[in-house]
Amino acid sequence: MLDVNFFDELRIGLATADDIRQWSHGEVKKPETINYRTLKPEKDGLFCEKIFGPQRDWECYCGKYKRVRFKGIICERCGVEVTRSKVRRERMGHIELAASVTHIWYFKGVPSRLGYLLDLAPKDLEKIIYFASYVVTSVDAEARHRDLATIENEILAEKRQSENSRDSEIEKRAGKLEADLAELEAEGAKADVRRKVKEGGEREMRQIRDRAQREIDRLDEVLDTFRKLEPKQLVTDELLYRELRDRFGEYFTGGMGAEAIKALVQNMDLDAEAESLRETIRTGKGQRKIRALKRLKVVAAFLNTSNSPLGMVLDCVPVIPPDLRPMVQLDGGRFATSDLNDLYRRVINRNNRLKRLIDLGAPEIIVNNEKRMLQEAVDALFDNGRRGRPVTGPGNRPLKSLSDMLKGKQGRFRQNLLGKRVDYSGRSVIVVGPKLKLHQCGLPKQMALELFKPFVMKRLVDLNHAQNIKSAKRMVERQRPVVWDVLEEVIGEHPVLLNRAPTLHRLGIQAFEPQLVEGKAIQIHPLVCTAFNADFDGDQMAVHVPLSAEAQAEARILMLSSNNILKPADGKPVTMPTQDMIIGLYHLTHRTPGERGEGRAFSSDAEARMAFDNGELHLQAPVKIRLRGLVGVESGPGAEPWTAPEGWVEGDPITVETTLGRVLFNETLPPGYRFVNYEIRKGQLSAIVNDLAERFPKVALAATLDGLKEAGFHWATWSGVTIGMEDVLAPPRKREILGRYEKEADRIDKQYQRGLMTAEERRGELIEIWTKATNEVAKEMDTALPQENPLWKMINSGARGNLLQLRQIAAIRGLVANPKGEIIPRPIKASYREGLSVLEYFISTHGARKGLADTALRTADSGYLTRRLVDVSQDVIIREEDCGTDRAIPMQVGQQAGEAGSLVVHEHAETSVHARTLADDIKGPDGTVVAERGADINSILVDKIVAAGVESVRVRSVLTCESKLGVCGACYGRSLPTGKTVDVGEAVGIIAAQSIGEPGTQLTMRTFHTGGVAGEDITQGLPRVQEIFEARIPKGKAPIADTPGRVRIEDGERSRKIIVVPDDGSDEIAYDKISKRVRLLANDGDHVEVGERLTVGTIDPHELLRILGPRAVQVHLTQEVQEVYRSQGVLIHDKHIEIIIRQMLKRVTVIDSGSTEFLPGVLVDRALFESENRRLVSEGGEPAAGRPVLMGITKASLATDSWLSAASFQETTRVLTDAAIHARSDSLIGLKENVIIGKLIPAGTGISKYRNVRVEPTEEAKAKVYSMTGYPETDYGFGPASGQAVPLDDFDFGSYR
């Protein structure tokens, strides 16, 4: 069997009949499967043991040889080899076909490869293959030319003979007619009878004439056809073809069906064909040139590879191993079988019948019909339903063919190769574990015992609790008390992986140290819920056990939850106290004047706590406390900065005006952090955790988070926050406010009834009035709510809910939308607290229902987007530390603020310029170097740069990276999830795809309607992101100026025309058919620059690429994607979007091939294109000319160099067809390819750089090893606890088969 680690690339090609026979272990001759009485396979049938191997290990069919000692013997009685039964998964058979058939993929695929090769239309090809028409395969033109005169004379003689016989016959008949008429006259017959006889005679003479004429015409047609006979010519008339064959059989050959196609392919001279096509491309125009290009691709594919085009016509069909198309007995004695067996059976039946008919010498028409049926049977086996109606099984279900086995989500690629099930795993419901540390999880005892069973068994034997593995297994199954102690020992320091589906980003799988718990539910630390997007309303999670030492080390170092605090999308902490913890910390740090003990002073925090315990001091009372070990005091955002008293040094005792609660809060923060002396809400807490993440090690951060969690839960209980009906306070002046606006609305209605305004204007006015009313009522509610109101506390602290929700509950529901998404101009005046009227309730249900439908659609769409993004970026891996490029991109660091124009940090600096590498030294106004080239940009450096008055800097970017494969570390910059320089081997492409796809479900699906005809609808949310990444031409696209010039606008009846008169005096450029509704951005007489938008709308990225080049498109696309995400408040770093855009712009269309091998019009990888051109220029050749192309992510994924990756993505059959013809080789660079064939992925620790590490002992270590005194006692390490792995065969796991 092949070992995956021994090959570096995987090639796919066309198999010839010899290849198929070579793979085969025997010919399948009978359609039988298994004998219904003995249940043993029939000889020569589809399950034959002689061909495919024995059904039982080491046992032949007849039972003569049993046991392993006869290994390799072939039984002389039944012919079965004595071997393992698993060979039935590997050994193939074949069916020798009585007539050739074509492979449906190459004839029916789009484009038809056979059609392109033979230059035949697919319609004609179908007629030939399915025996509806004859085709001429070859013509001996020389012989025809030589003998044409003789042949023509022969035909002429035949025609004359035919004319003579016609004339003589007519003469004879005319004589007979005259005699008959004379006889009748003599008999005195009536005129009527005479007339009838005369007419009859004339009719017969006419028939003779016609028959003779037809004969002459046919001779003319035969001669004419023969003169013009060409190879590949179709002859649809069967009689004509037979006549041709009978008369001129030695001058041409022809036929129908796959045999004829085979003959045509054999007669082809590929080199000559390629040369003539190249000539056509050089000289041709229009459609001819395009067709020649397409044909040349196919012809060149066969020329440049070892593939023979004869592989597209099959003489024998391979039969896949029987264990891959099993047949199993059901309870009722019936059998369930794979559809493939039915399809193979049809092929064998028809093939055998055809053989018999040929042997009997049946008429051609019967044989041809059987051949057609055989062709259809093979088609159905390869790709059922591709042509005509699919073959159906019982219950009219189409049978699953070989192609269907590969295609789609349930196909081989996605179901079994990319999505395997694994052992050592389990799943259960999750509950909260508030007492756990950040890196721990609670694992139910029963589950842990099952998962760690082999480890427990080995340890029981090591500790002599059991004599052997078998008795250890029995002990575990009976759950003896000692087993639990051993389990406790085994799971210590052994991390497990927890995963919650859907795993939208890498934080969906994290490692934890298991703690044994009673019950059957897994316990989860409350802070990791955000990362998993988990809640405890019945969610389930899966547990996986990393087995090997390497896997455990990776889980502990890379995946432990306390090492995954930062989110890969933006580098912000994701383990953040939420909900009740925030309420607790808010309660703890809130300051309430007038509380018990206000104004007192305490000599230490311990004294203050004592006063609190004795009930003399309130947690929130403002007091003075003398604190030790402070490094400074933080007064909070918006407050006066704290100034230290004179002479105070860090660490000296100091009296601070604060509250006891704040002192307790600061105890959870690490020593060395400034004293936090302000109220903590969600935003402030987030800023503190951010700051801690940047300045303190992970260990300190994890401990702090645990402290915050403990404090949060504890004080949330103390705060006693509850909600009752009376806490929902309605605004006192609501009636009065609504009454006032009601009058306004009546006034508008009256004006409308008098005809003073249109319905559209009335609608707009009403919406405006009621929006104002809603806002005023909401404002009134805000002012009326007391600070102590629990709802206000929840919202103000950021724990849960927002003012909009409170407004709907307590004040007024407001305006809602109808099912079309337009706003209804009458508001719902009630709040939920008061209750809605029937009509109000009815119109408010539209929005709710639409919301639910939206969410369902959005989830599917978002998942599909992620899948496409992963596919396009999966091979972007950090391959080297620095590619050494000088190219960089400029980025804004600062922006002008206010009237004075002082420079402040740019609002989007965190998601654009942070975590990147500087490309140049940055100098201040006085010429001093503020930051050196190659420095990592963080918030401290950004502040320094902005303080030096620098507004924009040049930074390295993946868009300008020059690495041959993947990208380099310097261009990528800092790794966001670790906060350190990115490691070689990091799969940054997949991280980028996950970061963009994961928030996809939060984006809206809506295209916003303001109702009526208020301009074009703008696509937003998820559909807009898809539109950008698929590089589609946007809806309502705006034209952009091709050249700088003056604008002239011409109004037509229905549309406008914008004309740009270029500055350089070249021809005017017109943009016509611009709707009158669209707002213009350039007026008559304005001057526009190149690439400037002329109307309101979205720019077409392809136009932008053509006019302004790749750099402009990159900036435009990044901004467009960011706009959508920012509008929803989602932060994603630019670098993730840039990686996807880099993949979209990876290819070049060849315009002129120069002296390269590239064909014009083909898409080529940019790196390959540039290196090939450099090589040619250095050798003095002519380089190729190309144009950059922007490809959508689906197209880019399918155009990838790896055929395995493309085939497992979409359009499997098309990708495989194409790859086979080009004999594509997959060099296994990306991740998917390696997962498919079962190798370690070339990313992370699987990259070759780390796989080939050699450990050299130091001199010191060598000295220790070689002197026996280095050992405390001589132990050769063969004892029971030597740490050696016990071979798995020794464990009796029961059968897994």
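The backbone N, Cα and C atoms fix where each Cβ goes, glycine too.
Copied over from Swiss-Prot:
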BINDING   Cys60, Cys62, Cys75, Cys78  Zn(2+) 1 binding site
BINDING   Asp535, Asp537, Asp539  Mg(2+) binding site
BINDING   Cys883, Cys961, Cys968, Cys971  Zn(2+) 2 binding site
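Shown on the structure are the features that Swiss-Prot records.
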residue: Cys60; record: Zn(2+) 1 binding site; DSSP (3 states): coil
residue: Cys75; record: Zn(2+) 1 binding site; DSSP (3 states): coil
residue: Asp535; record: Mg(2+) binding site; DSSP (3 states): coil
residue: Cys883; record: Zn(2+) 2 binding site; DSSP (3 states): coil
residue: Cys961; record: Zn(2+) 2 binding site; DSSP (3 states): coil
residue: Cys968; record: Zn(2+) 2 binding site; DSSP (3 states): strand
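In the structure shown, across all protein chains, Cys971 is the one of the binding-site residues Cys60, Cys62, Cys78, Cys883, Cys971 with the greatest number of other Cβ atoms within 10 Å.
A count of other CB atoms within 10 A of each Cβ picks out Asp539 as the most crowded of the binding-site residues Asp535, Asp539. Spatially, by CA atoms, the binding-site residues Asp537, Asp539, Cys883, Cys961, Cys968 include one closest to Cys62 (Zn(2+) 1 binding site), and that is Asp539. A gap of 57 Å separates the Cα atoms of Asp535 (Mg(2+) binding site) and Cys60 (Zn(2+) 1 binding site). If you compare Cα positions, Asp539 (Mg(2+) binding site) sits closest to Cys971 out of the binding-site residues Cys60, Cys75, Cys78, Cys883, Cys971. Spatially, by CA atoms, the binding-site residues Asp537, Cys883, Cys961, Cys968, Cys971 include one closest to Cys75 (Zn(2+) 1 binding site), and that is Cys968. Annotation: no binding-site residues among Cys60, Cys78, Asp537 have CA atoms within 10 angstroms of the CA of Cys968 (Zn(2+) 2 binding site). When Cα-Cα distances from Cys883 (Zn(2+) 2 binding site) are compared across the binding-site residues Cys60, Cys78, Asp537, the shortest belongs to Asp537. Residue pair Asp537 (Mg(2+) binding site) / Cys60 (Zn(2+) 1 binding site) shows a Cα separation of 57 Å.
Shown in sequence order, Cys883, Thr885, Val967, Cys968, Cys971, Tyr972, Arg1142 are the residues of the chain, 6+ apart in sequence, with a C-beta less than 8 angstroms from the C-beta of Cys961 (Zn(2+) 2 binding site). The Mg(2+) site is defined by Asp535, Asp537, Asp539, and by the 8 Å test on Cβ atoms against their centroid, the other residues of the chain that qualify are Ile430, Ala534, Phe536, Gly538. Of all Cβ atoms in the shown protein chains, 6 besides its own fall within 10 Å of the Cβ of Asp537 (Mg(2+) binding site). Taking the centre of the Cβ atoms of Cys883, Cys961, Cys968, Cys971 as the Zn(2+) 2 site, the nearby residues of that chain (Cβ within 8 Å, site residues left out) are Glu880, Asp882, Thr885, Arg956, Val958, Thr960, Glu962, Ser963, Val967, Gly969, Ala970, Tyr972. Taking the centre of the Cβ atoms of Cys60, Cys62, Cys75, Cys78 as the Zn(2+) 1 site, the nearby residues of that chain (Cβ within 8 Å, site residues left out) are Tyr61, Gly63, Lys64, Tyr65, Glu76, Arg77, Gly79, Val80.
Using a 10 Å Cβ-Cβ cutoff, Cys968 (Zn(2+) 2 binding site) registers 22 neighbours.
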